[in-house]
Structure formats: structure tokens, C-alpha cells
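> What Swiss-Prot records for this protein is below:
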| type | residues | note |
| --- | --- | --- |
| BINDING | 354, 355, 356, 357, 358, 359, 360, 375 | ATP binding site |
| ACT_SITE | 414 | active site |
């Protein structure tokens, strides 16, 4: 294919991803019966039918994403990501009004819910996706009883599964060192990539050489045997695709067993498929699979085994976020909350105010041992708030949801928003408890021995950038400020502009990448007015968000002159209106930007 194609029209995609209507016969039977046992049985069937409708469409989307990748239909890849991320909620929202209208008393009938849950658990017993169906059931119930602010459990409960065995999703390929190009062909075949290729022989030779270089620190020997474990799945996202696995070297007597992770990144160019990069470093894989990017569509349906494999390849990244990065957000929500509760139970640590700077809009809190930061939005901003008008809690939550639903371009943290979640009062340090109840009256209530959160935001823990710059080695600090510029550019490519360009809104991860993590001040870049400096007469009276690029360095809180110079030298265009206006024009034209999610040094042809 020699040019970008449009395999799917908007109507084609809508038809292919449309959720079937609820089973109206079952709904009618549910509404008509007065027998509590019949009600419970039928309610379970109604919910399971809705879940099955949802699950069928969600499993269809990865194949559509693969087809769009092969057709080079980039707008379709973007639409599929948006469709998939909203599908779960759309399915719940399709059913809830019908149940509320037909059975308004259902929300208060605890006995029917208890019996119906037992019926549902019996119906899903033995199904692979039983835990997902149970999570769907909990979401449905929460939506129906939300007016009562009833807290729910995020435990997987009776639908829990035994630990996943990754052998179910990998193919093992035997090899003899040094790795030969023919082995790379087998690796690509195992993950389901078939071409047409631009230069498969050349790519295979370059990929084999890259793997050999990555193996060198493991002291390999010619003739030594290796096992390559490859996930039998393609992973598709926007303009790219990849396969993942690992290379194992066995105990050699003088050397213990050794292994390295493996990611092979593919592009589909005008003249065919290209192996673009090979990654064999866990931190680099973690960035490629980061929740700061759009989710991957994985063609293998065994999500537990895939998440477990990804966790083994990227152990610094919690298991819960591995589910989210392959599109299973609601299972990720369950796993993340369980991880937080387990961290507390094992460490006995209290949740306390997060290190760094006091938020003017959010209250952030964590445990020293935790991989996560929890947040609520204040009822009113603090006196240090920079802007004249505060849109309020619901508007801020909409911005956090906006970031969740877009391609975060590798530079914005994803966030999980829980509703009506209950946490034991004993989990909280006294000072934090007082602040939450005083500044979050619209969000937090105390019920006996627990706090109930109307909304609770959870993100991966970062080190605030200004704090990081005071403690990092000189080279790491310089790399961070340069990466900050990359972060701002990637945000712009995703049509996101942070009008509060303050370094305190950015953080550094465990793998030393910089991300935006506070979203109360984000706007769509296409709606921002980019202006030169000095302002024109009466320009300060302009409505909307006005941005003067020449002034951006002043707000970033990069105090060290050498670091400011490093930022300016690496990203001079960020201080020029032309750059921002050019990005706005591209976004308005509907262009899908290329976002690099691995180091340029890992590309096979640079």
C-alpha cells in the first residue's frame, strides 16, 4: 500500500463496534414478576447478557486495530482507542435508565441484589472472564445505587482466579548463539506479523545484531543454547505495533540462568512493514508500555496471562497498571485498589500528605512504601491559586477524565478515578484526616470507622520535578529538564496545553522520565490564543487562555542557570509562537502526530 488508506469509514467503525441492544424480553420479564427469586434470577441474566454484549465488542476491537494498522488507516486507530475506552461505561449507561424506569425500587432491595449476585456467580463459574463479569456487575450496581452514596468493595471476591500461568500465551523458540536472522523471522511469525515487508532480510539481520549486542553483558558463548519466549499476540497502538517476550540463557555451570526482556517495534510505511527498533532493557519496555500513552490493543484474549508476563518483564511497574495498558481498565482498578490495601496491610504505614509541594487544587497523599499517590480535589483552591476563577470540582474531574480518554502521548500520567470507595479511618495519619474532612467536604465523609470518598484519584507515584532537581546528579538533572521539554511537546501533540506551566505540576518516574500529573489547568491547545511578547494594547482583556511562549521559562521553576540554558538550547522552538501555531494548524487539520515511545538509539536505521 503506497499511501495512507481509509479502510473504515466512521459509519463502518460505528457498525463494527456497536453494542447490541439489551434483551428486552428479559427486561420485560424482570419488570413483570413479583416473585423475589424470579427477580433475582432474571436480574442476573439481564446483567450477564449486557456484559456479554460488551465483551463481544471489546474483543472485536483488537482485530480491527490490527486491520487498521495494516491498511495504514491512522484516523481509524485513533477512533478505535476512543471507542474502546468509552465502551464499558456506554454499556452500563445503556442499561441503567431502563432498570431505573422499570424497577425504581430495585436500588433499595438488598435481598434481591444478594440473591441476584449469587445467581450471577453461579452462571459465570468456570468462565475465563468471570472476574471481569463480576466487576461489570459491581459497576452496574454502583451506578444504580449511586444516589445513596453507597460504598462498594473493589475486591474480586468469589470470582477471583488462580494466578495466571504465562505458558498459555507464549511460544518458545529454540536458538543457538549467536542469534541468526532466521530466528527473527520465527519470532515475528509467532506474534502473528505477516507483512508485506519492505526489507525483511535486512530487518532480520539488523534485529539479530541488536539482540546480540544486548546479550553481551550476560557473557554469552558461541554455540550456547537460548530459549526465546514470545507472546503469541500482536500489540497495536496508533501508528505502531510491537511484539514482546524475553530471551533466556540457561545455567552454564560458570554462569547462572540469565534473561533479558525483548520488544520488537514495527511501523507500516508506504512501502511495507519495517522493524523499526529492538528494546532489551526493562526500563525502556516500561516506557513503551507506559500508561502515559494510549492503551495497546492485544490480539490474544488471555488478559491475565498477558498482564502477568508484562509484569515479569517490567517488575518496577505494578501489576494493576499492566492490565490498564492493554485496555482492561476496570480490572486494573480492582488490582490497583487491592495493591494499595495490601501495601498498607503489610507495611502498617499510614497514608500521609505526599512529599513535595502543597497542591492548590488537590490534596495528594501516599504511604512511603506505596507505588501510588491518591488525590482528592479541594472544595475551594488555596490562597496561592494562580487564576481568577475556579471552575469547581466537577469541572476538574472532567479534565482528569479527558486525559484518561485520550492518547497521553507518553507524557501524561493516566489516572484511575474511583467513586464511592470506603477506606478504613485507621489508614490515615491524623493531620491528613483533619485536612481531608476540612478541605474536602464535598468529596469526603466520615462514616463511623471509615472515610467514604465520593471521588478518589489514583496515579503512579512520581518525584516532583523541582524536588528531583535538588537531589539528582548533574547529568540526571540535565536529562530531566531536557525531557521536560519533550514532555511539553508531546502534550501539545495530544492537543493538551497546561496553562499552569509550573515545574511543580511535573514529576520524574522511577525510570527517570518526566510526566505532567496535575490536570486542573489543562486546556485543549487548539483553543489557546498564542501571542507574541509584548502584548498588544488591551490584549490582557482577551477572553480565554492566552499563552506567551517567550515567557514560559519564568514559570517552570528551573532555578539553576545551567539547567535553564540546557532547556533553552535543547528546545528553542518552545519559546517561539510559530512552533505552537504550527502545532495548532496540524491538529485542526486532523493529522495524527508521530510520538516516539522508545529511544532513538534503539532504532535499527537512524
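Cβ from N, Cα, C; glycine included.
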> Looking at the binding-site residues 356, 359, which one has the fewest other Cβ atoms within 10 Å of its own Cβ?
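Output over binding-site residues 356, 359: least Cβ neighbours within 10 Å is 356.
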> In angstrom units, rounded to an integer, how far apart are the Cα atoms of residue 358 (ATP binding site) and residue 414 (active site)?
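If we compare the Cα positions of residue 358 (ATP binding site) and residue 414 (active site), the gap is 21 Å.
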> Can you tell me the CA-to-CA distance separating residue 355 (ATP binding site) and residue 414 (active site), as a whole number of Å?
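Cα of residue 355 (ATP binding site) to Cα of residue 414 (active site) measures 20 Å after rounding.
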> Going by DSSP, is residue 375 (ATP binding site) sitting in a helix, a strand, or coil?
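Strand, per DSSP.
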> Using Cα coordinates, what distance in whole Å links residue 375 (ATP binding site) and residue 414 (active site)?
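Per the Cα atoms, residue 375 (ATP binding site) and residue 414 (active site) stand 13 Å apart.
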> What's the CA-CA gap between residue 357 (ATP binding site) and residue 414 (active site) in angstrom, rounded?
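That separation, Cα to Cα, works out to 21 Å.
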> Can you give me the Cα-Cα distance between residue 360 (ATP binding site) and the residue listed as 'active site' in Å, rounded to a whole number?
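About 20 Å separates the two Cα atoms.
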> Same chain only, sequence gap of 6 or more: which residues have a CB within under 8 Å of the CB of residue 354 (ATP binding site)?
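Residues satisfying the criterion: 364, 365, 366, 373, 461.
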> If you count the other Cβ atoms within 10 Å of each Cβ, which of the recorded positions 357, 358, 360, 375, 414 comes out on top?
414
> Quick one: pull the CA-CA distance for residue 359 (ATP binding site) versus residue 414 (active site), whole Å only.
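It is 18 Å, counting Cα to Cα.
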